[in-house]
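To start, the structure itself, in structure tokens.
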Amino acid sequence: KEGVDYQSLDMQPAHLFFMIAAPEGGAQTHLDALAKLSGILMDENVREKLLHASSPEEVLAIIDEADDEVTKEEEAEAEAQQVATAEQSSKQSNEPYVLAVTACPTGIAHTYMARDALKKQADKMGIKIKVETNGSSGIKNHLTEQDIENATGIIVAADVHVETDRFDGKNVVEVPVADGIKRPEELINKALDTSRKPFVARDGQRKGNSNDSQEKLSPGKAFYKHLMNGVSNMLPLVISGGILMAIVFLFGANSFNPKSSEYNAFAEQLWNIGSKSAFALIIPILSGFIARSIADKPGFASGLVGGMLAISGGSGFIGGIIAGFLAGYLTQGVKAMTRKLP
């Protein structure tokens, strides 16, 4: 079978397609199913079985079996992680220990695909690894202070902002999430290279630079990363506001309009909450998180203000994006100029 060109991450034809049905109001169920499916399909044996399945029942049986195996592996990994943490904390083990953080704008597929690719490669290399995922359902498998203290190196494979100040002084490798899927062996080897310069927190006072800790991003990739951080945090407002406005139409096409014969007071309130409250925050949140991606927490406040100015000035989304980048880089400049102040 030749497959279909579906603009996949590895530029290869796609052979497997899935439709996910979720109950009404089960948006999180849909996301959880998609995340779980992404992880299951990282197994080449599962993909081969699915390609040769001849009935819907066989497809479901293959997925159920793989899901059970993943659950057992996660439980075994959790137990092994506790043992590894105990060994590391007691300093009884000199084995290398790698940490990783994965995140993508939607927090669904690539976040978990990168996690599974890194875990599979680490297992092949005999390296202990713990991966924190910043997905749509929140942070899972959170890295503790003890984990960070004992880590040989840390991989941050993310297209959105993640908290990295906690890794101050450690060997950190920062790359796009796609590299976590395509280049897991190379990233793990870099994380194990103790000769690399240590990472310096943005607001830290450690001397020296950490240019080696972050992969050189082209201006285009840097722009994309900061923009996607704003977009991913803006989406919940777009979705929630849109849902509220959609509910209004159940009462009638013009039920939010006091001058209409279909007018309903409750529908008007829902419409106002969606259009005038949730949607009003979209541009400030977009600007704020773009600035936060550039200048960390200090940039968030200036980005929010820039977003509000974009609304009042009528410049819309384009103005909000420009305001976010301006606020972020200006804040970064102010931080650099005042770094030596008490």
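Just so you know, glycine gets a Cβ as well, placed from its N, Cα and C.
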Which range of 43-67, 68-92, 168-192 is region 'Disordered', per TrEMBL: 68-92
Overall pLDDT for the domain 'PTS EIIC type-2' (223-342), taken as the rounded mean: 90
Residues of the domain 'PTS EIIC type-2' (223-342) by DSSP state, where helix covers H, G and I: 96 helix, 0 strand, 24 coil
